[in-house]
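*Asks:* Before we start, here is the structure in question, set down as C-alpha cells.
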Amino acid sequence: MKFEAIAVEKIPLIRKGDDLPYIICERIELQDRDIIVIASTIVAKAEGETFRLEDITPGEEALAIASRTGKDARFIQAVLSRSREVFVEAPFMLVTTLAGHTCVNAGVDESNIEHGFLLYPPKNPDSSASKLGERLESISGKKLSVIITDTNGRAFKIGQTGVAIGIYKIKPIKRWIGEKDLFDKVLEITEEAVADELAGAANLLMGEGAGGIPVAVIRGLDYYCEEEISMSENYRPEDMDVIKKGLRCLQKKN
C-alpha cells in the first residue's frame with residue numbers, strides 16, 4: 001500500500017475573486033478520489049479577507065486587553081472579531097474561533113500579506129471547502145475531497161504542523177472502536193484524526209514563507225465520503241474538554 005503527495009506548483013499570487021479551482025485544475029490533472037489540500041491563506045485572499053490595520057477601530061474589550069498586554073489594540077480587535085471565547089491574552093491570544101477551532105490569534109495573520117494589512121481566516125472554512133470542492137468536481141468531472149489547512153502549534157511540543165480547519169467529502173475522524181488489535185483485544189477509544197494527519201503530510205510539501213506552495217494533492221488513499229461532513233466532529237465536546245475547563249478556572253482565579 002502506498003500514497004502520493006503531489007505539490008501543485010506555479011500557483012500565482014491570489015487576489016480577491018480569483019477562481020481557485022480553475023487555477024488548480026490548470027496546473028494538475030485530477031483523478032477520482034484525490035484529496036486536494038489548500039492553505040487557508042489563499043482561500044482567505046480569494047474571499048477578500050484582507051484588511052488594513054489602520055482601518056480597524058478597537059472596541060472596549062480590545063483596548064482593555066491592550067492595556068494589560070501592551071499589544072496593538074487594532075490587532076486585538078481583529079482577533080476578537082473572529083473569536084467566540086478568549087482563554088489566554090498573553091504572550092499570545094488563545095481563542096476559539098467563530099467556526100469552533102481553538103488556536104492562536106483566531107488565525108489572523110500579518111505574514112504572507114502586504115505590509116500594513118491583516119489576513120483573516122475564512123469565516124466558515126467548511127462552507128469554503130464545499131464551494132471549492134463542488135467547483136473542482138464540476139471542472140474536473142471527478143469525485144474529490146478537499147481539506148483547508150492552517151498551521152498550528154502544539155500545546156506541549158515545540159514547532160508547528162498543518163491541521164485541517166475545513167473539509168469537503170472526507171470524514172475528519174476514523175473510528176477504530178470495536179476493531180481488534182494484534183492480541184485480539186477490542187479497541188474502545190481509538191479515534192484517528194485523519195484530516196489532520198493528511199494536512200500534516202501535505203504541509204511537508206507546502207512549506208512556509210516565501211517558498212511555500214499553497215496547494216497539494218494526496219493520491220492513493222480512499223477517504224472519499226458522500227455524506228455532508230463538518231469539522232465540528234473533530235472538536236472535543238465541551239463536557240469532555242478538560243483543558244478548556246482548566247483554562248476557564250484559571251481565568252476566574254485571575
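Backbone N, Cα and C define each Cβ position, glycine as well.
Given the structure is predicted, the values throughout are model-derived calculations rather than measurements.
Pulled these from Swiss-Prot:
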BINDING   11-14, 40-41, Lys45, Asn112, 206-213  GTP binding site
BINDING   Asp109, Asp150  divalent metal cation 1 binding site
BINDING   Thr151, Glu208  divalent metal cation 2 binding site
*Asks:* At a 10 Å cut-off from the C-beta of Thr151 (divalent metal cation 2 binding site), count the other C-beta atoms across all protein chains.
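*Replies:* Result for Thr151 (divalent metal cation 2 binding site): 22 neighbouring Cβ atoms inside 10 Å.
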*Asks:* Among Ile11, Leu13, Met206, the binding-site residues in question, whose Cβ has the most other Cβ atoms within 10 Å in this structure?
*Replies:* Met206
*Asks:* Measuring Cα to Cα, how many Å separate Lys45 (GTP binding site) from Thr151 (divalent metal cation 2 binding site)?
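*Replies:* Distance between the two Cα atoms comes out at 16 Å.
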*Asks:* Could you state the CA-to-CA distance between Leu13 (GTP binding site) and Asp150 (divalent metal cation 1 binding site) to the nearest Å?
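*Replies:* Cα-Cα, rounded: 18 Å.
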*Asks:* Filter the binding-site residues Ile11, Ser40, Met206 down to the ones within 10 angstroms of Asp150 (divalent metal cation 1 binding site), Cα to Cα, kept in sequence order.
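*Replies:* Matched binding-site residues: Ser40, sequence order.
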*Asks:* Tell me the Cβ contacts of Gly212 (GTP binding site) under 8 Å, same chain only and six or more apart in sequence, or just say none.
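*Replies:* When sequence neighbours closer than 6 are ignored, Gly212 (GTP binding site) has Ala39, Asn112, Met206 within Cβ distance under 8 Å.
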*Asks:* Quick one, of the binding-site residues Lys45, Asp150, Glu208, which Cβ has the fewest other Cβ within 10 Å?
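*Replies:* Candidates: the binding-site residues Lys45, Asp150, Glu208. Fewest Cβ atoms within 10 Å: Glu208.
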*Asks:* Quick one: give me the count of other CB atoms within 10 A of the CB of Ser40 (GTP binding site).
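*Replies:* Other Cβ atoms within 10 Å of Ser40 (GTP binding site): 25.
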*Asks:* Return only the integer: C-alpha distance in Å from Asp109 (divalent metal cation 1 binding site) to Ser40 (GTP binding site).
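*Replies:* Pair distance, Cα basis, whole Å: 11 Å.
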*Asks:* Where does Asp150 (divalent metal cation 1 binding site) sit in DSSP terms: helix, strand, or coil?
*Replies:* strand
